[in-house]
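Trainee: Sending over a structure as structure tokens; questions will come in a sec.
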Amino acid sequence: MSLFPSLTLLLLSVVATSYSETVTCEDSQKICPAVIACNSPGINGFPGKDGRDGTKGEKGEPGQGLRGLQGPPGKLGPPGNPGSSGSPGPKGQKGDPGESPDCESSLAASERKALQTEMARIKKWLTFSLGRQVGNKFFLTNGEMMTFDKVKALCAEFQASVATPRNAAENRAIQNLIKEEAFLGITDENTEGEFVDLTGNKLTYTNWNDGEPNNAGSNEDCVLLLKNGKWNDIPCSSSHLALCEFPI
């Protein structure tokens, strides 16, 4: 066996090993097209170590994060300026006819006149049946007998006062009205012998019976109208006809 072929193969093997890191398969084929055949690539190796940090990059665009929950309402702001007037609204419906003041005044006057007429009729009925009218006074009795204090209370209840004649005409009207002796609104309870009306005013008209007032029994502080129209002082605790006068 010749040594030359073996030596040739050994030399080629050494050359292939020396250039295995830098010579590609294509280069090898160019150098030794007839001898060296390329194998298939091997499997990938393990990842290498991390390299050094690179230089700082440029600032990126703002990101879009997740939208948060709605916060609580803020404080009320100051009132705004008044707004401009709005446009006129639609025309309303036609209203009911109004009442004329002249008609109301005329109606009130008519009603007042009718009421006055009715009151005049009532006064005439009362005058005819129970009382007497003299001037602007109306004298009225209920026909009951009672003490002087009760007569005062009865008359006051009807906003009247105990009958007090101020002249002969009024005294005569009361005399014609009563069928029994009646109390008059005259006393000397405050000062003995000084008879005054129930408002404390001195009398300007009197019609005492002969010998009166005499204060018989020392307690005759009230005045009685006798059937003959004369006056007599009597005790206020006695009971006599109630007689009131009403201003009209």
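Just so it is clear, glycine is given a Cβ too, placed from its N, Cα and C backbone atoms.
As listed in Swiss-Prot for this protein:
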- 1-20: signal peptide (SIGNAL)
- 42-99: domain 'Collagen-like' (DOMAIN)
- 43-111: region 'Disordered' (REGION)
- Pro47: 4-hydroxyproline (MOD_RES)
- 49-61: compositional bias 'Basic and acidic residues' (COMPBIAS)
- Pro73: 4-hydroxyproline (MOD_RES)
- Pro79: 4-hydroxyproline (MOD_RES)
- Pro82: 4-hydroxyproline (MOD_RES)
- Pro88: 4-hydroxyproline (MOD_RES)
- 134-245: domain 'C-type lectin' (DOMAIN)
- Cys155-Cys244: disulfide bond (DISULFID)
- Cys222-Cys236: disulfide bond (DISULFID)
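Can you walk me through where each of these features ends up in the structure?
Mentor: Reduced to three states, the DSSP call for Pro47 (4-hydroxyproline) is coil. On its own chain, Pro47 (4-hydroxyproline) has no residue at least 6 apart in sequence with a Cβ closer than 8 Å to its own Cβ.
Pro73 (4-hydroxyproline) carries neither a helix nor a strand DSSP state and counts as coil. The Cβ of Pro73 (4-hydroxyproline) has no same-chain neighbour under 8 Å that is 6 or more residues away in sequence.
Close to Pro79 (4-hydroxyproline) in the fold, though at least 6 residues off in sequence, lies no residue with a CB less than 8 Å from its CB.
Within the same chain, no residue at least 6 positions away from Pro82 (4-hydroxyproline) has a Cβ under 8 Å from its Cβ.
In this chain, no residue six or more apart from Pro88 (4-hydroxyproline) has a CB-CB distance below 8 Å. A coil conformation is recorded for Pro88 (4-hydroxyproline) in the three-state DSSP classification, outside any helix or strand.
Secondary structure counts, DSSP: the domain 'C-type lectin' (134-245) has 23 helix, 37 strand, 52 coil.
Contacts of Cys244 (disulfide bond) defined by a Cβ separation under 8 A and a same-chain sequence distance of 6+ are given as Phe139, Leu140, Thr141, Val151, Leu154, Cys155, Phe158, Ala160, Ser161, Val162, Ala163, in order along the sequence.
Note on Cys236 (disulfide bond): other Cβ atoms within 10 Å of its Cβ, all shown chains, come to 18.
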Trainee: Judged by the number of other CB atoms within 10 angstroms, which among Cys155, Cys222 is the least packed of the disulfide-bonded residues?
Mentor: Cys155
Trainee: Express the predicted model's confidence over the domain 'Collagen-like' (42-99) as a mean pLDDT, rounded to an integer.
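Mentor: Taking every residue of the domain 'Collagen-like' (42-99) together, the mean pLDDT is 77.
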